[in-house]
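Among the features that TrEMBL reports, domain 'tRNA-guanine(15) transglycosylase-like' is placed at 14-315, 350-387. Annotation source TrEMBL lists active site, proton acceptor at 91. Residues annotated as substrate binding site in TrEMBL: 91, 92, 93, 94, 95, 145, 194, 221. As annotated by TrEMBL, active site, nucleophile applies to 271. What TrEMBL lists as region 'RNA binding' is 276-280.
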């Protein structure tokens, strides 16, 4: 039975489908909260389950450094270690080691790097990345790839494309060899398409990976500094060359209005640090109206601003509709977590924005948690609306 079933493509160009993993089926398009080190910041695995997310993303590089793969292996895998019953996608660690700049050396074998924690030396190869992800028990395993910053000259990008393809061969060989001894033998393996914003190099990368054959295809190396318009142009050129019966994963961050555009271009899977990162700074995502075709369908509110001091407006609202009711008023819209359980609605509606302002002003941890609930639930709700 195929791991991905495309149900339909709506008139809005959204691909509605189902991705089957050993830890459950996931309706597409979907968003993965970031649990880099085995936890979504300020939230427990039970919180994520209650919010309605069937999947999280964790990172090979960070987990191999702390607590170490043996600790997680001895715990029975990452699912048991973090108390999570849903699916887990693990990033290969490629982006992280390449972001170390002067702390790493790239060879054909892999990447030698110094730990930013204690300076200890490590090497991460395509084989080791897959072996670690197998030990973690990942449901969706990512190939180890070479990432280049943008802008870079064409020769550098082309070299990364070709090396990524060669490494993908080694990743798949290791993935198949380790299947029988894995705690999660039914895991899926995704290849990662590189090529910067060069259309020809992107197609070359995709063609190389398609010849190898993977369960899904990720688009890496975007959202790394290039203009949003360039990313759209790249997707417009690349996506038609991808198989319709395989899931497509856009790696990296995106604002809500950007995600809508990516989904309309046939992307199925997303991750993003913005909901949790912005929450820690008091920036809350809130719906303004229901028309996702308009880029102003949401707002970002800074609860640390003085205007919120003493406010009695409940956290559990989405802001203003932009439309007047029968009495000429612009009502506040109740915040409903349609993708999650009602207990979070009760929690958010219990506290005021003035109280949340106070929590941030006094650096109380509850403030970070409540803001994270708002933002993660916003992203999950956005995808529920995109799926229709």
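Cβ from N, Cα, C; glycine included.
Mapped onto this structure are the features recorded in TrEMBL.
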{"residue": "91", "record": "active site, proton acceptor", "Cβ contacts under 8 Å, 6 or more apart": "57, 58, 59, 60, 61, 142, 251"}
{"residue": "92", "record": "substrate binding site", "Cβ contacts under 8 Å, 6 or more apart": "60, 129, 133, 141, 142, 143, 144, 145, 171, 192"}
{"residue": "93", "record": "substrate binding site", "Cβ contacts under 8 Å, 6 or more apart": "59, 60, 61, 62, 64, 124, 129, 132, 144"}
{"residue": "94", "record": "substrate binding site", "Cβ contacts under 8 Å, 6 or more apart": "111, 129, 142, 144, 145, 146, 147, 192, 220"}
{"residue": "95", "record": "substrate binding site", "Cβ contacts under 8 Å, 6 or more apart": "147, 220, 251"}
{"residue": "194", "record": "substrate binding site", "Cβ contacts under 8 Å, 6 or more apart": "145, 146, 147, 148, 157, 160, 161, 164, 201, 202, 205, 220, 221"}
{"residue": "271", "record": "active site, nucleophile", "Cβ contacts under 8 Å, 6 or more apart": "31, 32, 33, 34, 57, 89, 251, 252, 253"}
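For residue 221 (substrate binding site), the Cβ neighbour count at a 10 Å cut-off comes to 31, with all displayed protein chains included. For the substrate site, the Cβ centre of 91, 92, 93, 94, 95, 145, 194, 221 serves as reference, and the other residues of the chain with Cβ at most 8 Å from it are 98, 142, 143, 144, 146, 147, 192, 220, 251. On the 0 to 100 pLDDT scale, the model's mean across the domain 'tRNA-guanine(15) transglycosylase-like' (14-315) is 95. In the three-state DSSP assignment, the secondary structure recorded for the residue listed as 'active site, nucleophile' is strand.
For the substrate site, whose binding residues are given in the record as 91, 92, 93, 94, 95, 145, 194, 221, the maximum C-alpha distance rounds to 15 Å. Of all Cβ atoms in the protein chains displayed, 30 besides its own lie within 10 Å of the Cβ of residue 145 (substrate binding site).
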